[in-house]
Amino acid sequence: MPIRIPDQLPAAEVLREENIFVMQESRATTQAIRPLKVIILNLMPKKIETETQFLRLLSNSPLQVDVELLRIDNRTSKNTPTEHLDTFYRQFEGIKNRNFDGLIITGAPLGLVQFEDVIYWEHLQTIMTWAKDHVTSSLYVCWAAQAGLKLLYDLPKRTRKEKLSGVYKHTNLEQHHPILRGFDDQFLAPHSHYADFSADYLNAHTDLDILATSKEAGVYLASTKDKRNVFVTGHPEYDSLTLHNEYLRDLGEGMEPIIPVNYYPDDNPDIPPKATWRSHGHLLFSNWLNYCVYQQTPYDLDHFSELNFTRD
């Protein structure tokens, strides 16, 4: 089944060119089916690029997904046209009285900024708190995972001396967990962050299920027992060239970034990289939609209740 998005969203044409099944609102309204309601809080600067990446992963599921986009505030964006934001993005005030099947909170380039110094920190806390009573399952990606751990477990920010950048091998620790269903014993996924997600630290200070780890990157995937909060510390949504573009950006800003690990052939930035994590990303999002969202959410979202959720 397709994702359902606004008719004129730029991502629609990109995804159609990739032969991804996208259904416009005008067609979807004629179908007698209850689509999943998923809202994406997009914190990344290049919002069109990011929304396209996440929509691509959400599309590879037998479930019909009705996607809405949420912005954190109404400040002018340096990287996204105001017309695009005004046309396709909701303000929190306009959706706070509604319920959703799923919420995705993207990463943000704030790895070295303390939480209290993030200009929209209080607003983000409000949205995360709201989700407890209005969203079946929330997916926190990269920086958002760190922010979610702060809100839910009061964990302070832990930062590496050097940025973690590259494609790392991860080990599947819970083969029979629904989120990991169909995963290989080991799989690759990209990382691009300063945050330090130590398995020992999370085990000592939370009751999370640690689902997948990497020797170099630490915890990659974790979940609360009821699967209502899922944390992904890397970037399974990244395109094949996203790490490359970040590397060039940092070089252009006079920084001395490391060459992303296990990314370029022969570690040569002049040779185009290949995406080695694409199938993993699609399976992760399909499992989240099915086992964390669809299997737990009420048919009538007006009947949202904590009693709907299991801790299996």
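Backbone N, Cα and C define each Cβ position, glycine as well.
Record check: Swiss-Prot places K163, R249 at the substrate site, and the matching candidate among S192, S223, S279 is S192.
H235 (active site, proton acceptor) has its Cα within 10 Å of the Cα of these recorded positions: C142, S192, taken from G111, C142, S192, R249.
Listed in sequence order, the residues S165, L243, E246, Y247, D250, P257 complete the 8 Å Cβ shell around the substrate site centroid, once K163, S192, R249 themselves are left out. Of all Cα pairs drawn from K163, S192, R249, which the record names as binding substrate, the longest spans 14 Å. Taking only the Cα positions, the spacing between C142 (active site, acyl-thioester intermediate) and E237 (active site) is 11 angstrom.
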